[in-house]
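Novice: Annotations for this protein, taken from TrEMBL, read as follows:
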| type | residues | note |
| --- | --- | --- |
| DOMAIN | 29-169 | domain 'Fructose-1-6-bisphosphatase class I N-terminal' |
| BINDING | GLU79, ASP99, LEU101 | Mg(2+) 1 binding site |
| BINDING | ASP99, ASP102, GLU246 | Mg(2+) 2 binding site |
| BINDING | ASP102, GLY103, SER104, SER105, TYR210, LYS240 | substrate binding site |
| DOMAIN | 177-297 | domain 'Fructose-1-6-bisphosphatase class 1 C-terminal' |
Amino acid sequence: MVFLRKYLEACGCEPDLIALIRLISRQMDAIRKAFLENQMYEHTLNASGELQAQMDTWADEHLIKVVGESGLVREMASEEQEDIIRFENSRCEYCMVMDPLDGSSLISTNLAVGTIVGIYEKGGVLQPGSKLRAAFYTLFGPLTVLVVSVGKGVQSFAWDPESEHYLLLKDSFSVPEGKQFGTGGVRNDWLPAHTKVIEYFDDQGFKMRYSGSFVADCHQLLVYGGIYTYPGSQKSPNGKLRLLFEANPLGFIITQAGGSITDGTRNIMDIVPEKPHQKTPIYIGSKGIIKKIEEIYSHS
Ligand code: AFP
């Protein structure tokens, strides 16, 4: 059996980076426990549809506290925080971006949600995704799965509650071309280029798969190939998803698995962020499909 720590050591990761990845990925039991407690005891919140907001805040505050106390992170940005957080007393220079609970509106329906994290070696959080030192996500599905890349391909681990370790599931991913797609947004609001992209998928006999949780949909494409997109629209030209907290960490992972990510015209991993909550249209998936999408955009 291969444990997470041993695997990261074998990849040549610095001890502090290993400590940070292990620290965050080990908070998932606490988050799962909070799901249960909120479902059981906060029926009023549940009924009014506020459970997800409550859980977003809980996970955010919990992870910020744990990271702050660790002394491993100098600067941090969270999807749930307006401003960048600085930990002046940190002994490390790592800078971290996170979406503490992606897809949280699915908690009430018990579909898969997860936590997304990106780590820069130093130099602040406003850096292109290509500069990430590591990225990972945990996904709460039938198993709690950790998918990680430290720049040496992509690996997945499953949490074993008995031994309390993450055990290696798969040590190498390569995104298959695949023939399925999921698109966010509302058809009436799509831009003409996106409509053409979807028509192309329909013509090619692609199958529709969309859960409403970016992290779960990306995990699906890591395994089965195809594409996830949340496009820009007439009302929101930059779409819905955040460059720092969603696009970059998942873009890093999918790129490491041989896939690609674009906003339609350029590789998202090269975008220099101007502000923490910057949004971007997203097409993420297997290389051939992304190439085709950029081609469709260039003729639109
Ligand atoms: P929540 O975390 O607020 O549920 O948002 C999830 C998300 O950012 C992303 O994970 C989904 O792919 C996307 O929004 C779903 O958006 P739609 O509900 O508009 O399809």
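Placement of Cβ uses the backbone N, Cα and C atoms for every residue, glycine included.
Could you place the listed features in the three-dimensional structure?
Specialist: Taking the domain 'Fructose-1-6-bisphosphatase class I N-terminal' (29-169) as a whole, pLDDT averages 91 in the prediction.
In the three-state DSSP reading, ASP99 (Mg(2+) 1 binding site) counts as strand. Long-range Cβ proximity for ASP99 (Mg(2+) 1 binding site), meaning a same-chain Cβ under 8 A and a gap of 6 or more residues, is found for SER78, GLU79, THR115, ILE116, VAL215, ARG242, PHE245, GLU246.
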Novice: Counting by DSSP secondary structure, give me helix, strand and coil numbers for the domain 'Fructose-1-6-bisphosphatase class 1 C-terminal' (177-297).
Specialist: 54 helix, 22 strand, 45 coil
Novice: With an 8 Å cut-off on Cβ distance to the GLU79, ASP99, LEU101 Cβ center, who else from the chain surrounds the Mg(2+) 1 site?
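Specialist: Output for this site, in sequence order: ASP56, ALA59, ASP60, SER78, GLU80, MET98, PRO100, ASP102, SER104, THR115, ILE116, PHE245, GLU246.
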Novice: From the binding-site residues listed here (GLU79, ASP102, SER104), select those whose CB sits under 6 A from an atom of ligand 1.
Specialist: ASP102, SER104
Novice: So the record assigns ASP102, GLY103, SER104, SER105, TYR210, LYS240 to substrate. If I measure every Cα pair among those residues, what is the longest distance in angstrom, as a whole number?
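Specialist: Greatest Cα separation within the listed binding residues comes to 15 Å.
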Novice: For GLU79, ASP102, GLU246, listed as binding-site residues, tell me which one has the smallest number of other Cβ atoms within 10 Å.
Specialist: GLU79
